[in-house]
Amino acid sequence: MRVESRIRHQGCSSMPEYPKGVSSDEEKSMQESETKALFSVIGMTCSACAGSVEKAIKRLPGIKEVAVDVLKDRTQEETIRQTIEDIGFKATLIEETANQKCILVCRIRIVGMACTSCSGAVESVLKLVPGVQRARVALATGEAEVKCDPKLLSCKELLQAIDDIGFEAIIVGTGESRNKIQLKVDGLYNENNMQMIVSSLEGQPGIQDIHVEAELHKVSISYLADVTGPRNFIRVIESTGSGHFKATIFPERGGRGTHKQEEIIQYYNSLLWSLVFSIPVFLTSMIFMYIPVLKDGLDMKIVNMLSIGEVLRWALSTPVQFIIGRRFYAGSYKALRNGSPNMDVLVALGTNAAYFYSVYSVLRAASSPNFKSTDFFETSSMLISFILLGKYLEVLAKGKTCQAITKLMDLAPETAILLTLDDEGNVTKEEEIESQLIQKNDVIKIIPGAKVACDGFVIWGESNVNESMITGEPRPVIKRKGDAVIGGTFNENGVLHIMATKVGSESALSQIVRLVESAQMAKAPVQKFADRISKFFVPLVVFLSFSTWLAWFLAGKLNAYPKSLIPSSMDSFQLALQFGISVMVIACPCALGLATPTAVMVGTGVGASQGVLIKGGQALESAHKVECIVFDKTGTLTIGKPMVVETRLLKSMALREFYEMVAAVEVNSEHPLAKAIVEYAKKFREEEESNVWPEVKQFESITGQGVMAVVRNREVIVGNKHLMLKKNVAIPVSAENFLEETEGFAQTGILVSIDHELVGVVAISDPVKPEAQEVISILTSMQIKSILVTGDNWGTAHAVAKEVGIGTVIAEAKPEVKAEKVKDLQALNFVVAMVGDGINDSPALVAADIGMAIGAGTDIAIEAADIVLMKSNLEDVITAIDLSRYTFRRICLNYIWALAYNLIAIPVAAGALFPSTGICLPPWVAGAAMAASSLTVVCCSLLLKNYRRPKKLDALELQGLTVE
């Protein structure tokens, strides 16, 4: 696809000398020039994709204008091909498959990342792999999301790239998993058995790809869900080889929850063993020295000045330093090899300095009859213990930031009741199966108190279903025959039989999980601040640490401070070493790195639990700046369920015939008004079981105006006044008067012409949402301006605007006009949000700084939006903005704490207070402070879970103004 962008280049600030005769306009053009660039973009499939590209480019500095054309390349390619064939040659587009290729999305868990330096190094390496289009690494989740071309590289190559820089990588999932299942096959004895199974599966219709891991007895099958399903594969496998094989769902391992639990257990065990050795070291050096009997025993000499206490401390601290603390050596090696030093480097340097100086001191005491040694073994062992304690508490806290996703995933039931029906629809068999084995068009029984196993629709029964866990709507919704149900919701009192329509990763629940996961991967712009600091933080700390040691050491040698300040157990060198080590281990880059991602994770999770799906840190951060909101009318300010309230025929014809013709055309449109007309038309044929309308030809939809087609060899046009005038259809005075009447009642008048003659007017009413007026009032109190932009007529638009309290109205606006209005507001330096639900809203949703789509809207609108309001309640617009403001305040608080901690702690650790107060921080205390800093940031982010939406909205709900 094609992207054209115009880039403005500013002249330099100093005024150059121009030749005589150059006009001021020419001077200006020489100072300020524009460059036009043309790019080919692969992977865009619709206008929503094009809009997303346009929005991303517009945010770049210096961009004046951007135009994205989805169809341009196809038009040019086809024109070139046709031109070649016109002159007598045959042409085939050999790059056509490239345009149609799918993008592989790999989710990879990365083990061993300690701070933003690590995540930045991994992200940089992944971006350099040929074929990678985008790579995002999230420190808070320990995961990477990579979009790549599967024809150029595989997931294994990505894993190898990560492994080459020293981190362990595990595939969590790929974009291929949409219709993919993994089966474990028991009863295999050799490779011939597996080949036999693969051959049997390859002969089945609908199978796209088979991947075998023989050592695990694992078969991964990609398939077309509309054609086949997992139960068919199990049946084929078990019928192969005389029934010797047994196939089951491959047990899921390494899931997000499992991985977190394993990490917690690892840190717990390391901490426990560290304490087993470190506590005796601490006791022998700090406590037992004040107990005479024990002190005498520990001070007994073994060789020269080497005492029993020193040998004990050496023996006990060595396993802590090199076995339990080996993770810091490994982390340091990886970081230094990648040129991105991190916290592990600081810990390794600090503990090594303390440990090896102590070893030197002990060895010198053993070889000298006069040297009185002072060791720091308790510093190295206790420092590692406190850091492990901090890490253990940190992973516990970080695990809680992922609870939103865990809770969503737990909504899906493990088993389901599969019904077998005969030709007459009677149940002949009930069978309990794993929910992963459900296939499309299966009939599933949902008993009272059970969860709905998959998305589908009710074919029998009636019950109240609690959908609050998915949509946030607190009230149960009654479900009858024909009603849609969502997987993971709770059936309260009746028995339902449902037909499965979307299963596995295609279900609404899985899509929400993927959306939240993707949102938590996306970095907020404010995160760039921490990324910039992390690049030079560790080298700076090492420099400060060395400078601190050198300054105190030289000060001691030059007698710059009284000798009485030096503790009796130390000399000036040891005091300087203690200060240097304390500076090195007290600095905390992790707190800065965790400030934004942990808050974004919790914030998006809280939003999801309240029915507000926020697509990443960019949207979460931008929403708090919103100053103006542009509302669509139909389905946004109104309920979105329009109804025909009056019909005015202008020619002599039967009402049934009139609606037959109109419904035949409108049934091909997705517009809510079209659906209202079709539903009303059904009332005239209630005696007929079939709702098949007359065949139409040459159907055409004119966005923002109406539709037209040929029905029974007669041209039918259904739309607004603009469409009729455009098609030269005369509008009589009686029709004009009726339109004015409908507009006065906030109704929409739809004109109908047959063979270019106006035959009738249909009045449609779409009631305003009960909460709309109060929501607009609350937004006004939040200093946010509201504007109504609609494709409806002026009369109806003004009536609705007056009812809800909006002063600025733009009516009869086509989709491009809506987008232009958004751009006009942005040109006035407004941060603009757009709230809509239809296809015609998608350009404006993309153009806006923040696009909010009503959850009941079209897929294209939801795709184009930055925030999806699942409950379709207007009050969630306020919730989204308020949550964004609350989260951004928390991010700022995290940064203030992280920066203030380092700015205060480093000077204190360097001994700034020591000359005046005698206060100094032992290195192990400094390490404890560093661990506490990261933990504080994570806990501060976790407080977001206590977020409550504004009290005004609770009052709104108590008044009963929210929509069911």
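Just so you know, glycine gets a Cβ as well, placed from its N, Cα and C.
Annotation comment: TrEMBL describes 35-102, 104-170, 179-245 as domain 'HMA'. Here TrEMBL flags 1-29 as region 'Disordered'. Annotated transmembrane segment per TrEMBL: 270-291, 311-329, 341-360, 380-397, 536-555, 575-595, 895-915, 921-944, in sequence order.
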Hey, which bits of the same chain come close to the transmembrane segment (575-595), Cβ under 8 Å, at least six residues off its ends? 114-117, 119, 139-140, 342-343, 346-347, 349-351, 353-354, 357, 376, 379, 383, 387, 394, 398, 530, 533-534, 537-538, 541-542, 544-546, 548-553, 555-556, 566-567, 891, 894-895, 897-899, 901-902, 905-906, 908-911, 914, 920-923, 925-927, 929-930, 933-934, 936-938, 941
Any chance you could find the range in 270-291, 311-329, 380-397, 921-944 with the most Cβ pairs under 8 Å to the transmembrane segment (341-360)? 311-329
Which residues, given as numbers and ranges, are at least 6 beyond the ends of the transmembrane segment (380-397) yet have a Cβ under 8 Å from it? 260, 263-264, 267-268, 270-271, 274-275, 277-278, 281-282, 316-317, 320-321, 324-325, 328, 347, 350-352, 354-355, 358, 585, 590, 923-924, 926-928, 930-932, 934-935, 938-939, 942
For the transmembrane segment (311-329), what are the same-chain contacts with Cβ under 8 Å, counting residues 6+ beyond its ends? 270, 273-274, 277-278, 280-281, 284-285, 298, 302, 344, 347-348, 351-352, 355, 358-359, 362, 375, 377-378, 380-381, 384-385, 388
How do the residues of the domain 'HMA' (179-245) split into helix, strand and coil according to DSSP? 30 helix, 20 strand, 17 coil
Over the domain 'HMA' (104-170), work out the mean pLDDT and round it to an integer. 83
Work out, from DSSP, the number of helix, strand and coil residues along the domain 'HMA' (104-170). 23 helix, 24 strand, 20 coil
